[in-house]
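Swiss-Prot annotations:
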type     : residues : note
DOMAIN   : 7-124    : domain 'Response regulatory'
MOD_RES  : 58       : 4-aspartylphosphate
DOMAIN   : 170-358  : domain 'CheB-type methylesterase'
ACT_SITE : 182      : active site
ACT_SITE : 208      : active site
ACT_SITE : 304      : active site
């Protein structure tokens, strides 16, 4: 028997958005739109008849806002939710609230040129729905079917930075930690960073997230943590007690000047279909930090970071992968484990200890 299609409920007050998203998703062989609603009140009437595998949800709607609806869903029947948000500061902040409330993915939409943008972003939407369908949301049963990845060709970290020549630079007194994550990473990073004391190694983090969202995300983590957390700026020095988060839409690399590590924030093509890319970050850490670094790959769909973690291991870094039981999506860690890139496989609640102790 063929695998069951992923059923999707769309909730958005824009008729244009609903029309385009229904067409895109229903044109995808493994996805079926079981309903579309103009607001959460209509959505609840549809949920009374049939429950989907995934909900695609706008956050700014009449009668009931998306956050209130999301919290209601998560309290009654936890379900993977993809947030469809505007590319505005308010949209970013509201979407981060949604991620904290249990949403697993964000896709963005502009304020103008909406129809063409959504059509151009069809692959991103489909990938987000597939990632959500394969996520483990709280006590949601895990799907047995593997996610269907986009077979289109993708660039590797070679497009940004050549691999290390075989000899990592000599160890310094400063140890650094590089972290890569995607789907489910916002909640996972919050759990890890808020568990750290003020005195800890400097960190560089790639979280797959749209442009304009990472600054708000960093501000939120900073307000919750004892350490300092902020969006990275070009040439920032990596310091103990500081976590630098790669800006959405940019790659972040580590470089070294004397005994000190800095970051470079650069433009460049998508790597593994992402910008920022975990592989780009990890490769730079392997090249410039080697034995003086720890690499940690956490929850997320796909394979971004798997090869980079192996390069870090080969350069002498300590390497860690999050275990399947604590992942929202066991994709990136799974691919790293397949490559024998992880020295240790540990649950989320132990990752802060891996940061503190090599």
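Here the Cβ of each residue, glycine as well, is placed from N, Cα and C on the backbone.
Distribution of Swiss-Prot features across the structure.
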residue	record	DSSP class
58	4-aspartylphosphate	strand
182	active site	coil
208	active site	coil
304	active site	coil
Inter-residue C-alpha distance, residue 208 (active site) and residue 182 (active site) (nearest angstrom): 5
Candidate with the highest Cβ count within 10 Å, taken from the recorded positions 58, 304: 304
Between residue 182 (active site) and residue 58 (4-aspartylphosphate): CA-CA distance (Å): 20
Distance, residue 182 (active site) to residue 304 (active site) (CA atoms, angstrom): 9
Cβ neighbour count within 10 Å of residue 182 (active site): 28
Helix, strand and coil counts within the domain 'Response regulatory' (7-124) (DSSP): 54 helix, 28 strand, 36 coil
